[in-house]
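Listed in Swiss-Prot:
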type	residues	note
DISULFID	Cys11-Cys260	disulfide bond
DISULFID	Cys92-Cys170	disulfide bond
CARBOHYD	Asn3	N-linked glycosylation site
CARBOHYD	Asn166	N-linked glycosylation site
REGION	159-174	region 'Extracellular loop 2 (ECL2)'
SITE	Glu147	site 'Required for activation'
SITE	His157	site 'Proton sensing'
SITE	His167	site 'Proton sensing'
SITE	His271	site 'Proton sensing'
TOPO_DOM	1-10	topological domain 'Extracellular'
TOPO_DOM	48-51	topological domain 'Cytoplasmic'
TOPO_DOM	83-87	topological domain 'Extracellular'
TOPO_DOM	124-131	topological domain 'Cytoplasmic'
TOPO_DOM	159-174	topological domain 'Extracellular'
TOPO_DOM	213-216	topological domain 'Cytoplasmic'
TOPO_DOM	253-262	topological domain 'Extracellular'
TOPO_DOM	292-365	topological domain 'Cytoplasmic'
TRANSMEM	11-47	transmembrane segment
TRANSMEM	52-82	transmembrane segment
TRANSMEM	88-123	transmembrane segment
TRANSMEM	132-158	transmembrane segment
TRANSMEM	175-212	transmembrane segment
TRANSMEM	217-252	transmembrane segment
TRANSMEM	263-291	transmembrane segment
Amino acid sequence: MDNSTGTGEGCHVDSRVDHLFPPSLYIFVIGVGLPTNCLALWAAYRQVRQHNELGVYLMNLSIADLLYICTLPLWVDYFLHHDNWIHGPGSCKLFGFIFYSNIYISIAFLCCISVDRYLAVAHPLRFARLRRVKTAVAVSSVVWATELGANSAPLFHDELFRDRYNHTFCFEKFPMERWVAWMNLYRVFVGFLFPWALMLLCYRGILRAVQSSVSTERQEKVKIKRLALSLIAIVLVCFAPYHALLLSRSAVYLGRPWDCGFEERVFSAYHSSLAFTSLNCVADPILYCLVNEGARSDVAKALHNLLRFLASNKPQEMANASLTLETPLTSKRSTTGKSSGAVWAVPPTAQGDQVPLKVLLPPAQ
């Protein structure tokens with residue numbers, strides 16, 4: 001992220017080269033991400049009501065994505081006006097703060113999901129207390145407080161910068177300021193690389209636990225591996241290009257603060273990579289809702305109930321429609337012994353954490 005203050009000559013960046021791709025991508029994310037995240041939020045809420053700690057992380061992830069999507073219309077307008085912010089300094093600070101904070105909030109909650117799944121698979125009994133709803137709520141509160149606090153510095157600085165062509169940049173300055181460069185390094189290493197490395201370790205632990213389980217069928221192992229790998233892939237594909245350019249820009253500035261050549265060359269690529277991070281808002285609900293056949297069935301039922309409600313205009317039908325979401329993300333067992341989706345079953349044992357993993361599939365309808 002860049003922050004700006006006042007006016008000045010700055011670097012010669014061509015704002016006309018990126019007025020099509022970022023707004024087009026943002027419009028796509030609004031159209032797809034808004035309904036899918038609303039559906040994911042509803043599904044996560046129902047998991048929380050079933051005392052599933054994973055639903056807490058998914059619910060917070062959906063809330064963060066929805067807040068981010070609410071800022072996109074103004075950024076579409078910003079890019080269509082060739083990087084010219086016309087909505088005043090207050091809105092620039094607020095919407096820029098939400099926009100950029102979401103990157104690290106999303107990464108943090110994806111990391112929380114990876115750690116939760118690792119504990120559920122590799123140590124289902126030893127760390128059972130860490131996988132409670134109360135613990136998930138406490139962890140989520142820490143995530144929000146930490147990430148919002150770490151990204152709050154721009155709220156105390158001017159964020160509008162007018163260049164020589166009378167463009168008013170919001171949350172951007174070319175070249176950046178020195179304190180911003182150091183802050184960017186913190187974001188790259190602490191906000192991006194550290195949680196991604198932790199997710200890699202969790203994935204490795206999940207692979208070991210699954211491979212050592214002789215009772216787990218091959219197809220079930222593939223599903224578990226696919227889920228863990230999908231979490232890593234979302235962070236890598238959506239956020240790695242942006243942070244690679246952010247790191248490069250910050251390092252070049254700290255080495256040669258007077259040199260605008262690099263800024264001018266990567267300007268378009270940097271904006272494109274920033275827009276690419278918005279795909280996270282589409283990938284998150286797809287990861288949750290479409291990770292396996294059982295989840296796809298639940299989504300289909302929810303959409304069927306919604307369409308029936310809209311067609312009949314009878315709210316009572318929607319209220320009576322039930323949706324049970326027990327996907328392979330879930331490690332909880334139903335108190336009734338029944339589930340409409342697939343779960344990771346962990347039978348009780350007195351011999352440590354070496355327990356067989358088994359995916360229980362719902363009976364054929």
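Glycine residues also receive a Cβ, built from the backbone N, Cα and C atoms like all the rest.
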Pairwise Cα distance for His167 (site 'Proton sensing')/His157 (site 'Proton sensing') [Å, integer]: 19
For the topological domain 'Extracellular' (253-262), distant same-chain residues with Cβ under 8 A (at least six beyond the ends): 10-12, 174-176, 178, 181-182
Spatial neighbour of His157 (site 'Proton sensing') that is closest, considering only the recorded positions Cys11, Asn166, Cys170, His271 and their CA atoms: Cys170
Nearest of the recorded positions (Cys11, Glu147, Asn166) to Cys92 (disulfide bond) - Cα to Cα: Asn166
Among Cys11, Glu147, Cys260, His271, which are recorded as recorded positions, the nearest neighbour of Cys170 (disulfide bond) by Cα: His271
Contact call for the transmembrane segment (217-252) against the transmembrane segment (11-47), three or more Cβ pairs under 8 Å: no
Listed in sequence order, residues with CB under 8 A of Cys11 (disulfide bond) and six or more positions away: Phe174, Pro175, Cys260, Glu263, Glu264
Rounded to the nearest Å - Cα separation of Asn166 (N-linked glycosylation site) and Glu147 (site 'Required for activation'): 33
Where His167 (site 'Proton sensing') sits in the secondary structure, as DSSP reduces it to three classes: coil
Tertiary contacts of the transmembrane segment (52-82), as residues 6+ beyond its ends and Cβ separation under 8 Å: 15-16, 18-19, 22-23, 26-27, 29-30, 33-34, 37-38, 40-41, 43-46, 91, 95, 98-99, 102, 105-106, 109-110, 112-113, 116, 131-133, 135-137, 139-140, 143-144, 167, 170, 271, 278, 280-281, 284-285, 288, 329-332
Top Cβ-contact partner of the transmembrane segment (175-212) among 11-47, 88-123, 132-158 (pairs under 8 Å): 88-123
Listed in sequence order, residues with CB under 8 A of His271 (site 'Proton sensing') and six or more positions away: Asp18, Pro22, Phe79
Recorded sites: His157, His167 - member with fewest neighbouring CB atoms within 10 Å: His157
Three-state composition of the topological domain 'Cytoplasmic' (124-131), taking helix and strand from DSSP: 4 helix, 0 strand, 4 coil
Glu147 (site 'Required for activation') in three-state DSSP notation: helix
